[in-house]
Amino acid sequence: MDFNNCGFIDPQAQLAGALAKQDIRQFVAALDSGALADLQDDRHTSIYEKALSTPGCRDFIEACIDHGSQVNYINKKLDKAAISYAADSRDPGNLAALLKYRPGNKVQVDRKYGQLTPLNSLAKNLTDENAPDVYSCMQLLLDYGASPNIVDQGEFTPLHHVLRKSKVKAGKKELIQLFLDHPELDIDSYRNGEVRRLLQAQFPELKLPEERHTGPEIDIQTLQRTLRDGDETLFEQQFAEYLQNLKGGADNQLNAHQEEYFGLLQESIKRGRQRAFDVILSTGMDINSRPGRANEANLVETAVIYGNWQALERLLKEPNLRLTPDSKLLNAVIGRLDEPPYDGSSHQRCFELLINSDRVDINEADSGRLVPLFFAVKYRNTSAMQKLLKNGAYIGSKSAFGTLPIKDMPPEVLEEHFDSCITTNGERPGDQNFEIIIDYKNLMRQERDSGLNQLQDEMAPIAFIAESKEMRHLLQHPLISSFLFLKWHRLSVIFYLNFLIYSLFTASIITYTLLKFHESDQRALTAFFGLLSWLGISYLILRECIQWIMSPVRYFWSITNIMEVALITLSIFTCMESSFDKETQRVLAVFTILLVSMEFCLLVGSLPVLSISTHMLMLREVSNSFLKSFTLYSIFVLTFSLCFYILFGKSVEEDQSKSATPCPPLGKKEGKDEEQGFNTFTKPIEAVIKTIVMLTGEFDAGSIQFTSIYTYLIFLLFVIFMTIVLFNLLNGLAVSDTQVIKAQAELNGAICRTNVLSRYEQVLTGHGRAGFLLGNHLFRSICQRLMNIYPNYLSLRQISVLPNDGNKVLIPMSDPFEMRTLKKASFQQLPLSAAVPQKKLLDPPLRLLPCCCSLLTGKCSQMSGRVVKRALEVIDQKNAAEQRRKQEQINDSRLKLIEYKLEQLIQLVQDRK
């Protein structure tokens, strides 16, 4: 129902409408009807506020006050008073209505909103157009008692704001005279007397008040104000005077001023006062002191946040600077790299200073274990990613949630950086000493304060690349391929030793099982293979116990580990003299042989032979694809099984009762009944098995008794839909999978090797839960020797390959970049004498054992020919790109020269005319 049409008008709506129409009579009538001018709407705005801030509403303001609105009304949401709303209107009438004398009501004319008093607000918004109205408003406020000396957040008084309005010409002198006529005006105490200097410069004819002398003593507040004013010359003078006054004090008083210096330093950094910063820093104050508030940034963090690269550069050169691990300087600056440089500040320059500084850890992590590379990827800053990677950012740092920084990184950025890690020694490609240098600085974390025996999971980033469909092609990059070669070179001892022992165990337990169940007369041979089987079982138990101790939580999450536990259990039952009957023992032996063979196939598939790993991968992928597809289509198998059971599952006795033929002999009858029971679907389980057999095309249709047209129809549907369509579909999926695997055989081989190495490394590291095993120095040293490449094997985190000398791999023996002396952070130079070897050939992981790589891949110290060929291709591509870039630069310079000559020619023609 519309109450407005019935004469019931909402007083509040009438009040708003009257103000919009500037109808004072309806406005007063609405107030008389009970409307509230102070009532706020959904936007937290009242009619009273609108009247105060709208020019020409003097009568409306008086009406509101007469009906109960307060002259000191405050909007609680905005903390804004009525006087500030009236000043925003810049209407003298509105302001006069509010300041009208009312007994008992004193307006607070100096109340601030947004750090501005009404006088400051009027002066700050002064223009040529509103100068007369602003003059009248200021006169009203000053006559009412407003102070002309209250400053805003920049320590500007109202008169100072007026003097700074250089574009305002009309009425400016009258406004200044209005302030000068005020008896309490102070033009000397704020901003070091800048108001007096401006008055003398702009209006020298005006008579100024006498200069106020505040005394010779200068305090911290004075220095703070001078810093904010930007007069660094004056600050240097005042600070020198301030220090002179402090020299007469006690030592404890001098120490007490260190915190005050810290505040001055922070202020100089925030405002970019470099001269003041150097002056304060020259006092020798402790730059590592923390402020009083715990969450407040220190000096270096302040310089990074405000982009003051000059102060940051000065602080990083301080020998006494100590950076705490929780500084997170790079993380703080990366989020601000998109901000444009302003007034000398540049977050980009700060970022470059930090990544090039020896004092800043490029892999520093915050509380969530997020490293700077995480933030560069998060903010999609490609330039920051490239610079971090170039300076050795580790790509395998895991966050608190187990994610890696390269998770959302564009693959092309990572590939481009990997290309830059493949360089040469500068010799000609045909020379004998031509070297391909491969740098692994992003694959091996450089720990500053970690112990030498700390184990690292170096396979984590490569395992992630292998799992990512967008990045797994990078496994064929020479950087990753060569790294996998080195890791396999270290871990191959464990793999081949495990493979050898398990092969002996497989042969022993299968031979022992055959001899045992065939009751061979070779008792000694049976006992010998039984002993070998027990030794193999003992080895498996020891191996699985070590894995469980190292990683008890994750152990049972692996299907392979569960299968190995089942294998150990069944092997024990097979080898021991149990009280089981013969049939149970045979079943246990059968399952034991199956599990032993499956485990052996998995080990064979992990061999570094491309043909073997490809075929094992095809077997695994086709099996997984078949299981997934058949699980979905199994509903049709069950459906047809039930149909056949219902149609053909008549009992043999029922068929015989209907048959007039005599019964066969008893033995033949039982065999025939069993055969007919399977072929005639007499039991549900047998019906399911028979249906699965028929799915392969083995129908045995002659033994099926078709009794009606419907039985023929159901059987025909099964043949068409299941045998022809579904079975060929499954075959097609298998063929498709094998074709894909063959097309990516080399990539799949790299994935298999990555998975094997990652699994072995995870077992050895134990994910940090290895307990007393890794606490043992000897065990930890052995694991580190077999597993970790850096720092005990590659101190320089790079290798050299000789493509013209049999692809030999050389290991640098010295570190010119990372092994620095403590004095002046200088470099430790490589020895130049030819008698001192700088590099060595790749050697076996354990000197007592031969290199296991040579069993299948040739000599130990030789890199794969495919890897070397790809590395040379990368170098050729980089050289070609560099040549194209240089040619483009030459073309650009030629075009600029042509343009310059044409401009000269045109100018010459114009001059002749």
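Keep in mind that glycine also has a Cβ here, set from the backbone N, Cα and C atoms.
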Per Swiss-Prot, Ser613 shares membrane side with Leu842: yes
Whole-number mean of pLDDT values that fall within the topological domain 'Cytoplasmic' (545-555): 77
Remote residues contacting the transmembrane segment (524-544) - C-beta distance under 8 A, at least 6 residues beyond either end: 498, 501-502, 504-505, 508-509, 511-512, 515-516, 561, 564-565, 567-568, 571-572, 575
Surrounding residues of the transmembrane segment (556-576) on its own chain - C-beta under 8 Å, 6+ positions past either end: 509, 512-513, 530, 533-534, 536-537, 540-541, 544, 547, 585, 588-589, 591-592, 595-596, 598-599, 602
Counts by DSSP class (helix H/G/I, strand E/B, coil) across the repeat 'ANK 1' (154-189): 16 helix, 0 strand, 20 coil
Structural state census, the topological domain 'Extracellular' (512-523) (DSSP three-state): 7 helix, 0 strand, 5 coil
Positions on the same chain near the topological domain 'Extracellular' (512-523), where near means CB under 8 A and six or more residues out: 529-530, 532-533, 574-575, 585-586, 589, 592-593
Residues of the parent chain within Cβ reach of the topological domain 'Extracellular' (577-586), under 8 Å, 6 or more residues beyond its termini: 517
